[in-house]
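Undergrad: I am attaching a structure below and will ask some questions about it afterwards.
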């Protein structure tokens with residue numbers, strides 16, 4: 001065999017290996033989803049969605065967990081979105097290229113890399129103890145807001161960056177002020193991108209368990225939270241709790257709850273992808 | 001002074017203050033939102049430091065770093081962080097050993113071999129792996145991967161670093177493949193074409209030209225993946241066990257730094273006690289690791305980024 005033939009053979013071999021590697025992740029994903037559905041799908045019924053937790057696996061439901069998750073999503077949105085978008089707008093539209101701006105940028109990149117459980121420690125001390133919120137929904141939402149803030153800021157900046165200079169110039173030429181330009185031109189034009197980032201950040205928040213466990217969210221909550229100061233549990237914590245029990249029946253419950261959690265995650269991501277494609281197609285500068 | 005500026009048939013802008021002052025107020029509020037991010041960092045460091053300082057006034061830092069046992073919740077207390085660090089590094093090493101070869105091969109394959117359409121379909125599918133909540137991966141590791149591996153390795157314990165590490169590796173594949181792929185596709189076409197012009201095969205072009213040219217981006221992707229693996233919590237809390245153990249054996253239960261924090265949080269440890277402070281000492285250790293890794297990645301990105309025109 002000549003050198004050239006050998007090299008071509010190696011080339012082919014790597015191609016096969018490449019296909020193999022690309023599919024191994026997808027195959028594992030498929031096995032996993034099928035396994036979860038086989039195990040949990042039959043457990044999902046109306047009672048499962050509307051029952052309180054119970055010591056008996058067959059009677060336990062996820063009512064408190066999904067209501068808690070919904071509360072957390074809404075509160076986190078209300079806190080994190082205005083803050084994150086405002087910070088993104090400031091960094092992209094207002095701030096000058098100073099040392100301070102540079103520092104802010106590095107700092108935000110750093111925050112994005114801080115493990116979620118560290119945010120839990122921060123939330124427990126700051127919101128739980130110093131502000132006296134304990135293990136309440138509000139403390140949890142504040143903690144998760146800090147966690148997703150860097151994602152919102154970064155995606156807001158990217159969306160705003162994509163708006164061409166000429167739009168701003170045209171607005172200024174008509175006599176609009178900086179804020180008028182930002183509010184009436186730049187933000188509407190970057191709306192799609194900002195929404196995409198926001199929904200992705202929510203899908204991140206919905207799956208988080210670690211920081212909420214640290215601030216003291218409970219594994220067993222026998223009531224549905226009705227105000228932001230109530231104690232709560234969320235779906236991922238409920239899943240964790242059921243997974244760590246020895247009885248097999250609880251694993252079935254966990255699988256069923258996972259199906260619900262994955263549905264929420266996939267729907268959120270689906271909306272984000274849809275928005276991204278829609279805006280990419282519609283807006284042609 | 002309240003006046004409305006009509007524009008067409010709608011109220012365009014209500015002015016409570018003169019425009020100039022209104023603009024300043026808004027800019028101030030926006031600035032404040034941005035500066036809050038610095039306060040968050042400061043608060044994280046303050047919280048971790050203040051509780052850790054109290055911890056280290058009771059436990060010597062030498063013991064903390066050299067003692068080979070971590071038993072703060074037992075009667076006979078030892079405060080050596082090394083077993084937790086070892087557990088963290090073990091799961092991380094296994095995860096990277098899985099994710100790096102697969103992720104990098106995917107990046108090269110998608111860039112150098114795969115048709116554009118294939119790449120467009122596969123990339124978002126792989127990204128799904130990154131969106132799945134980590135408790136779900138924990139369930140997968142515990143109920144599917146561990147029993148499967150026990151069929152091959154009968155001595156494998158029910159909780160172990162091996163299956164947690166492998167599943168974590170699968171989880172971070174898209175991180176390495178996406179970031180590496182971006183780095184490789186940023187290498188200009190002309191380099192690839194020059195290699196083809198010299199008679200190179202696609203494989204030779206990939207490993208002789210493209211990967212070296214994109215090496216800083218690939219290294220950054222690996223560092224960020226390590227940082228992610230070190231901070232991963234729920235997966236290891238579910239599947240790797242809760243037994244701090246200074247070992248490199250992936251078949252037995254271990255405990256990571258993150259799992260320890262969860263374990264204490266779930267228990268009934270009174271606030272202000274030494275046991276309570278251990279989670280901050282563990283937390284600051286974790287924070288130092290990830291902070292160093294993240295900054296290393298920024299530094300490499302800045303320093304070694306190849307500039308092509």
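Using the three backbone atoms N, Cα and C, a Cβ is placed for every residue, glycine included.
What TrEMBL records for this protein is below:
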- A:16-38: transmembrane segment (TRANSMEM)
- A:63-91: transmembrane segment (TRANSMEM)
- A:66-272: domain 'ABC transmembrane type-1' (DOMAIN)
- A:103-122: transmembrane segment (TRANSMEM)
- A:134-155: transmembrane segment (TRANSMEM)
- A:205-223: transmembrane segment (TRANSMEM)
- A:250-275: transmembrane segment (TRANSMEM)
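Could you place these features in context, so I can see how deep they sit and what lies close by?
TA: Using a Cβ-Cβ cut-off under 8 Å and counting only residues 6 or more beyond its ends in the same chain, the transmembrane segment (A:103-122) has close neighbours at 91, 95, 143-144, 146-147, 149-151, 153-154, 208, 210-215.
Listed by sequence, the residues of this chain that lie at least six past the ends of the transmembrane segment (A:205-223) yet keep a Cβ under 8 A from its Cβ atoms are 52-53, 64, 68-69, 72-73, 76, 116-117, 119-121, 123-124, 127-128, 134-135, 139-140, 143-144, 147-148, 230-241, 261, 264-265, 268.
Within the chain, the transmembrane segment (A:250-275) has long-range Cβ neighbours (under 8 A, six or more residues past its boundaries) at 33, 36-37, 39-41, 43-44, 48-49, 57, 60, 62, 65-66, 69, 192, 195-196, 199-200, 202-203, 206-207, 235-236, 238-239, 242-243.
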